[in-house]
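What follows is a single structure, written as structure tokens, with notes after it.
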Amino acid sequence: MAKRHLTRRQSWRIEKIQEERAARAARRELRAVDELEGGDLGPEQTGQVIAHFGVQVEVESADGQVSRCHLRANLPALVTGDQVVWRAGNQGIGVIVAQLPRRSELCRPDMRGLLKPVAANVDRIVIVFAPRPEPHANLIDRYLIAAEHAGIQPLLLLNKADLVDESNAEGIDALLNVYRTLGYPLIEVSAFNGLAMDELRGALDGHVSVFVGQSGVGKSSLVNALLPGVDTRVGDLSTVTGKGTHTTTTARLFHFPGGGDLIDSPGIREFGLGHVSRDDVEAGFIEFRDLLGHCRFRDCKHDREPGCALLQALEDGRIMPQRMASYRHILASMPETDY
């Protein structure tokens, strides 16, 4: 079926209806909070947001008890992984009264281009890709830039390693060698047959991790393999496009038996970088770092300028051609105002 193209007026009407519905839901929540705070609430205690449902969240207390909570109107936007102060209610529903400072946050632009946090207090971003759908270095590099920009340690994870065969082995090996050469940690696993899953468990224990990657690469299947008994609605590849169908709808936090947490967030096909500048993109390519600032011209675009340190490193073999091509492709996709 062809994609429906909306007129500007139709898009405006849809957006207005959604805003009105959100406003009504917010008013209902405010009334609920007022009623709770007018009654008996327990003492303040700390907890962690383990799931977000729009106007309500699930909070886990220090003793492992999970409660549904309303949000005070003056709170900033909360995301899964946030540490909060909350008060329990006598009807089983509590109230979030404060957000504690974040150690880190992972953000990406929403459909309007506005920066939106998607997970908090993460210290490892696991970039999942697979032989099918076909992996692209450009998308992996976008995730790496986001991780470097946020100061979060990346881990590259090739899932569905059992699908590597004669038809794709050469391309997969070449892709993996690029990132191994750069020094990024990389694990090849299969949630299907259990290949190297113990190695992955060891890499995740003791960390707060988030899985990112295209739909169809098996993020939900990995969660099911790592945490038996947890159902995260696994979807199949689209037979028409070969891309994954979106399955996981709500970011959730899970605990590993040996310590550490996993935040499983919705799959995305394209990861925008509208919130980073050209300088941020350059810094996200770790092999560029020692070269930046050493070009002949301060405003060097690293294209054809004489005395460019990056072009010289490319010629000398210190920068791989495919990485330079990916860098240029990412810059070309950014708004010109960010140059």
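Cβ from N, Cα, C; glycine included.
For Asn159 (GTP binding site), the number of other Cβ atoms no farther than 10 Å from its own Cβ, over all displayed protein chains, is 27. Here Swiss-Prot flags Asn159, Lys160, Ala161, Asp162, Gly213, Gln214, Ser215, Gly216, Val217, Gly218, Lys219, Ser220, Ser221 as GTP binding site.
Sequence annotations record features per position, and here Swiss-Prot assigns Zn(2+) binding site to Cys295, Cys300, His302, Cys308 based on sequence analysis. The number of other Cβ atoms within 10 Å of the Cβ belonging to Cys295 (Zn(2+) binding site), over all protein chains shown, comes to 19.
Positions annotated as domain 'CP-type G' by Swiss-Prot, on the basis of sequence analysis: 111-271.
Spacing of Cys295 (Zn(2+) binding site) relative to Gly213 (GTP binding site) is 34 Å (Cα to Cα, whole number). When secondary structure is read from DSSP and collapsed to three states, Ser221 (GTP binding site) falls in the helix class. A distance of 29 Å separates the Cα atom of His302 (Zn(2+) binding site) from that of Gly213 (GTP binding site). For Cys308 (Zn(2+) binding site), the number of other Cβ atoms no farther than 10 Å from its own Cβ, over all displayed protein chains, is 20. Mean model confidence for the domain 'CP-type G' (111-271) is a pLDDT of 84. Listed in chain order, the extra residues whose Cβ falls within 8 Å of the Cβ center of the Zn(2+) site residues Cys295, Cys300, His302, Cys308 are Arg296, Phe297, Lys301, Asp303, Glu305, Gly307, Ala309, Leu310, Leu311. The two recorded residues, Cys308 (Zn(2+) binding site) and Ala161 (GTP binding site), have Cα atoms 40 Å apart.
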